[in-house]
Amino acid sequence: MDDSLGVSEVVMIPFMKREVLQQICAILDTDNTWETIAPYMPGIELRDVEGCKRYSSYNQSPSELLLRIWSSKGYSTTHLYQLFAKTKLIRLMRMMRSQVHEKYHYLENKVTNSTSRVSKQMVQPPGSQSASRLKKTEIKESSPSPAAAAASQLSRSNTDDTLRVAIEGTLPVTYCELLEATNGFAVSNVIGKGGYGTVYKGELKGTGGIVAVKRLHSGNDTSQNGSRERLRQSLTELRTLARFRHDNILPIYAYSLEGSEPCLVYQFMSNGSLEDRLLCRKGSVPLTWIQRKEISIGAGRGLGFLHSFGKTPIIHGDIKTANILLDKHMEPKIGDFGLCRDGHVEAEAMEKHPLIASHIKGTLAYLAPEFITSKILTTKLDVYSFGIVLLEIASGQRAYSDSRETRGLVEYCQVNKELAAHRKIPVREIFIDRRAPPLVGDEEKSFLDALIEVGLAGANNDRKVRPTMSQIVEYLCKNSIPPVV
């Protein structure tokens, strides 16, 4: 039975049956057959071919990358079937027969029975070019990639054109350039992993040095919906980072929307994340109290900027120590904006119309109770998360730990506060990071007290009594440690 009867006419190449795609790529890789079809692929440029050659040097399939790039320009399994007809690769046509609609199967007979050019009745892919033109010049006529099309659609739906401005103001790079920058996304270049992607260290030409490349991976979700979600997160982060420039927000340098794996390029943060430094990973030296003060205030200012700049506040939605990054000067910068949303400020207790959201998937230990139970989304969600971060900075403890009798950090701090009151001692004597240098002088003691107090206030279960980010920063500044002269 021919199972192609129910096949949609528009199936992007990466979403065809995996085993069929692998068999096709194996044949195209043999004797570099893929190079013979590349000139017949509209939209494929010489630099794409060169990038595929470099990709093969990393023991990867060059034909798989070629097909992924071609798909990103708007070409489907139907176009691939027609390409094989045009280049008379009958074996590959038969191999992928089940992946295209039956009305195109007549092309196999055409190829078998004739050595002439395939009938003009076949649907022509947009922007067809000859092999000779590919050799002489870059092909400029091609369909927009699904990513670019989605970006364009989102831009048109945005009344302030923020996405269009973001894309126009940010350097586009090719997937091949990122492959070269990261040595083929080598495992040795991995500097971080998360639920939505992997971050690689790389050296990208034109950016002046080392960069961080975030590659949004599919995990176990290779569906079209999964691909769209990864694209949505990339576009959301691109729009936010390009729109909001601040000393404490991670700068974005470039982006790539080719293929099924969108990538964003950022400033490389040589001191890693706040989480890394609090846990002293890789043998790093514990943060001093002056550094903790500057990180707390700087990160607070960055988050406060998002909440207060513009008519509509930006809610980050995933504030945690892993998403506060530290540059070579230990200056904090907030990153990972893939989950952020426009939202509501909740400055008054009588706020009656908070945004109800179901798409924020922030780390559970940092999520406010009103979001967990009712999906209520206001700026106070970020305030709650930041309160947890401040308690981590004070104590060096994780936001959640199975090894503690009281697993949640807020509850753990409250237990210690009650214990300190019973012993008639300051809570800082119990709730303090033992790895940090000893407190020196009243200023450092006062700052730690403030850190604990405002951390608990920010992480209050009642969102209506939580302070705003501007109030938190103001309070920390009043109780800050004078800089060392």
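Note: Cβ is positioned from N, Cα and C throughout, glycine not excepted.
As annotated by Swiss-Prot, compositional bias 'Polar residues' applies to 115-132.
Under the heading domain 'Protein kinase', Swiss-Prot lists 185-485, citing sequence analysis as support.
Annotation source Swiss-Prot lists ATP binding site at ILE191, GLY192, LYS193, GLY194, GLY195, TYR196, GLY197, THR198, VAL199, LYS214. The Cβ neighbour count for GLY197 (ATP binding site), using a 10 Å radius and every protein chain shown, is 24.
Swiss-Prot lists ASP318 with the feature active site, proton acceptor. In this view, ASP318 (active site, proton acceptor) is surrounded by 26 other Cβ atoms within 10 Å of its Cβ, with every protein chain counted.
With all protein chains in the displayed structure included, the most crowded Cβ environment within 10 Å among the binding-site residues ILE191, LYS193, VAL199 is that of VAL199. Of the recorded residues, ASP318 (active site, proton acceptor) and GLY197 (ATP binding site) place their C-alpha atoms 14 Å from one another.
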